[in-house]
């Protein structure tokens, strides 16, 4: 036997390969002609068609598709070069390979100078300190235990709503701190204040003395209910406090070594909180967009992901596990329904297409008519309330006073309650896919809720600037009805926020809890069982708090303490919604993923911020500021404080600022920004194409196993057939 083996080495080696097919040498004489076996794989052939592009990318970011045998070369080459700048934890390697990298790193440290070793050690210590600090801050998060409990019982979709509510609490607290540090704190620190120091900026001949009059309600015999009205509407004793714009009729605050410019600080605080909100929301939105971009998939991959990776392992409650099971089943049925509708759309005839588009056009006209009717009702309610508030408010009783003061808020709340029901009925006849139905309904409700605030503000603006006599024309605004129009706009925002808060509490206490009791203890009634238990609808609740946050953004300029009120309001709403969720509500069967929810929430919030910036910009740049109250009494508009401040700078700095803000600089800068934007758009398109190619490569690699098994089977047959042929 030994002779046979020695005399026929090829035969012996072939027999060994037959016993151990994984040790087959695919480049041996068994295969004629000898070729590299890996080059026959479907995935390798796909790579070969675009070898040039992949090689160019490999030089920049490392080879994506490499055999495991070349790993040692990769360790000795590209990765070891980056050990100085990147942590070993970032590499997708096993423990033994990471240990080898660590040994290489420690070996390299011995040959460095003391200065380089100290820099490496300092950088590593600083990174370790930052990681420990991040771990510590996670334990200091607001409502961390409550949100974890909600996540465990109801899943990540509802947990994302409460995390979003926590974000708004922190955001409003930061906004309040900005306003407090820039506006309130300097006033509280000193008793010396300067008033009307720059009155000469507005010549007396261009302004009537009536413009500077601000009649304050006389303090006589006041009924107790008047204090309740003042507390709910911001009038009376609250109107003269630091809650509203009219309290800050100060040009500056005098300290020992300098004078604090309060008008400039007031405007800068407004710009600062808007810019901070924008940057913070965009930053969080980009993170959510990245997750959505990574999870974007084709339809056939969606089914696999839902079946094999769709379970939420944070769920610890049995009933919630059953709900998640039904939710996954619902999502699969919805995907199949969308696929059926997609196939139905592809099979439509031209007559059916014309009929459907005609029906959609008609239904969208109805939607526009409903929106127009709501906006007109808000306009009429606001105009009626403003006209009768000053004339007949003293002659009315308690109930009539509240009705007049809160009439715009009541109409807006009714519109926000009725229109979603109408939109939900209309959308069923438009023949859209289920997913698009939800998105379009939410989009319409978002537009309705946020546009009502803008209609209210623009209605107030039209009433403020409508002039009917010479005094009004001299002042630039309707001084008779609005001697301090900024304060009255702040009062409207204050009333909207208070009324929205009252409605949320009333619905929870007087609708949700009684409904839960009826469903629990009146199970025999079919009508009550059909009514059912209240669902925790995530989109509706999100729209409610975004509506409140938009009010806060608009009203913070006219009522500087409104962010503090919003912070307290959202804190109470958190606990109220948590109790409502735990004891009165059941989650909606249409659940949201946490990543999709966070991105959707922030997108709606960003729309609200953009809509809030528009009326604020118009009020600061176009409408004349009040001459009887506020820090801008000596300026025609709020924005004029900026050029007035720039005029006090040195001439060289003024020249630089004027050059930067001129058209000669703006046009080239805009062109450069457009070029940069086009570059990033092209880069994003290239990256998208690479992602498509890599997905194709991934799907082709799934066929490699079948191909390898087929080749190994052929090799075994060929090896076994060699002795018989010999």
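Here the Cβ of each residue, glycine as well, is placed from N, Cα and C on the backbone.
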Using the annotation in Swiss-Prot, determine whether residue 212 and residue 533 are placed on a common side of the membrane. no
According to Swiss-Prot, which of these ranges is transmembrane segment: 451-471, 472-492, 493-513, 514-534? 493-513
From the candidates 23, 196, the one which Swiss-Prot records as N-linked glycosylation site: 23
Swiss-Prot tags one of 317, 636 as N-linked glycosylation site; which one? 636
Stated Swiss-Prot location of transmembrane segment, expressed as one of 125-145, 146-166, 167-187, 293-313: 167-187
Looking at 167-187, 262-282, 403-423, 554-574, 599-619, which one has the highest count of Cβ pairs under 8 angstroms to the transmembrane segment (361-381)? 403-423
Is the transmembrane segment (167-187) packed against any residues at least 6 beyond its ends, judged by a Cβ distance under 8 Å, and which are they? 142, 193, 242, 248, 250, 253, 260, 262, 265-266, 268-269, 272-273, 276-277, 280, 284, 545, 549, 552, 556, 560-561, 563-564, 566-567, 570-571, 574
Protein Cβ atoms within 10 Å of residue 636 (N-linked glycosylation site), excluding its own: 15
Tertiary contacts of the transmembrane segment (403-423), as residues 6+ beyond its ends and Cβ separation under 8 Å: 229, 232-233, 235, 367, 370-371, 374, 377-378, 381-382, 384-385, 388-389, 392-393, 396, 441, 444-445, 448-449, 452-453, 456, 492, 495-496, 499-500, 503, 540, 547
Determine which residues of the chain contact the topological domain 'Extracellular' (620-663) at the Cβ level, with the cut-off under 8 Å and only residues 6 or more beyond its ends counted. 196-199, 201-202, 207, 211-214, 245-246, 248-251, 261-264, 266-267, 270, 461, 464-465, 475-477, 479, 482-487, 557
Between residue 94 (N-linked glycosylation site) and residue 636 (N-linked glycosylation site), what is the CA-CA distance rounded to a whole number of Å? 69
